[in-house]
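This report refers to the structure that appears directly beneath it.
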Ligand code: BGC
């Protein structure tokens, strides 16, 4: 989860306006918690750079090194194809996938802040192990520990943000998690650029992951628990005081009572998983909890995020130039995320999804075409000068398209459409599928590049076209609709109303 983003558990009635303001206290708490996104992003950004560093390859993946230096093959498409090398990158996401289920239990039982703390702790241990790695086993075990940290953070941070945020600021604060993911990726890219010049700089790249880990570890100690969690653990007095503190007003009765009511109602649903998977009324929510994280990954975004330096080297850029280009894509990713934060509540989710989709589709086609023109099927050749700049520009156009659409919105829309009774179950489906597909893409990309060659970019383009059509046909606009009214949009939507069982007397409004 990245983490995923879950709306506040508050049961605000339409038309109600809770008293209170956006206090400094809540803003600082949310910024500290959102930094959990840093560890996710740092991991995504660091591995590509490290796996293109010669001393690292020589120490741990000598066969890849021999291929890369052209000793064994002149085929550009295949020089980095190694299942062990990709396992280094993608193993983290399997660990994160499994950890997110454990984390969801810890979050409910011990609290959001303890989950953030444990995530930070395990992450720091993993980072130190990686920085000091003497053999492949240390490297992979460290990576698995980092994955546990990422899984914990992706489950707990978005939940924390949503529960702390005043409802009017929920959209913007939710997207801060994604913003920190992109900042983490950029920091990793910058670091790789410099450590690449140092002897065994890869140790610094991997070891410095401990810094964002420490930030959230300390954050986890000092962050206040959410009122929702305190109510759930029957600590009512404390919960009310906390709510007064974060809203900055004494009269929080209305919101407090709604939180209590929402908590009681959700306790009555004994099996949210069963409800989400088998109750036909929840078909749209189930569909998007499965589709959005999966489709988000098959845009091919993590091909660029993980492998930008490797990809640029594959295209024939020099070592430094490839890290520089990765740094540019990282910067563009951060900037375009601000566009989403700015526009999602103004232009609506559908508009951004579709605009981003068209931009990604065109960029993928052009990148595939440019690579085909230089390398054809044989994969022999090099890219340089103006041609190289054009390739980087179109890769940036692709990243920008993703960063203002599927990047933040896949998380945001799920958070908006899940009603409280199935929220944590839907969220776990979302986080685990995100991690699963990140693993699959991470593991499969280099081998696919080796076999499908430039066609791979056309395959991603077709996927993007398909998912944009899916959004166009099925997704109703969720902008500006109170969460409590969200269930009505399905029965009004021309696509979904066919699938919602109204004829047997069960009306969505009555759930
Ligand atoms: C995705 C990550 C991706 C990142 C890029 C996130 O929303 O879940 O897989 O690397 O965006 O900014």
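Cβ from N, Cα, C; glycine included.
Unlike curated entries, TrEMBL annotations are predicted automatically.
What you are looking at is a predicted structure, and each value in this text was computed from that prediction instead of being measured.
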Range among 454-475, 476-497 that TrEMBL annotates as transmembrane segment: 454-475
Top partner of the transmembrane segment (173-195) among 324-344, 385-407, 428-448, 454-475 - counted as Cβ pairs under 8 Å: 324-344
Criterion met for the transmembrane segment (84-106) and the transmembrane segment (113-133) (at least three Cβ pairs under 8 Å): yes
Same-chain residues near the transmembrane segment (201-223), Cβ under 8 Å, at least 6 residues beyond its ends: 29, 32-33, 35-36, 38-39, 42-43, 46, 49-50, 53, 55-56, 112-121, 123-124, 126-128, 130-133, 142, 146, 149, 153, 160, 184, 187-188, 191-192, 194-195
Tertiary contacts of the transmembrane segment (351-373), as residues 6+ beyond its ends and Cβ separation under 8 Å: 299-300, 315, 340, 343-344, 387, 390-391, 394-395, 397-398, 400-402, 404-406, 409, 453-458, 460-461, 464-465, 467-468, 471-472, 475
